[in-house]
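Some features that TrEMBL has for this protein:
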BINDING   32, 99  Mg(2+) binding site
SITE      69  site 'Interaction with target DNA'
């Protein structure tokens, strides 16, 4: 039934570029989405932070959910709302971190990669759980990591972003390399498990969802 979407994923995956990221980061964006199944709505927040991880811009948007929950095809469910929020941005972030997978995906096109290819921007996938791959548990200290392999190919890292807390699963999305993914995620992770850009995006998306729903 959704074979055309799988076919499109495979086509777009060929356009993903894992390349060195040498830009100085002045602005970094976090993207997260939230759903209201009751109202069939998908909410997106894009939060842009400066070098000091201070918020400089927030863009919100929502759309009707147009696809059921299908593992591996979540980007098609979330991108319409993300598209609207992205188009409203006044700033131009140097890189985006999404609460999603990058190339650590069955067809190497998680939401972070899909978004990156469509808008031709550097992206990182930072997920709280594994979608594909095998790995060894990293050490217990913040900064410890192991490699994540899928079909004998490196697709990301399993990173202990906070001491004695569950690791996160990070992978290149588009226009970034493996080494930079580790460096950027660690440099933007403070006292919480997830990086500050996506943490703030999550908070913003939940607030925006509640604001909209309370007006319905």
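Heads up, residue numbers simply count up from 1 along the chain you see.
Placed from the backbone N, Cα and C atoms, the Cβ positions cover glycine too.
Keep in mind that what you see is a predicted model, and the values were worked out from it rather than measured.
All protein chains considered, the CB of residue 99 (Mg(2+) binding site) has 24 other CB atoms within 10 Å. Annotation note: residue 99 (Mg(2+) binding site) sits in a coil segment as assigned by DSSP.
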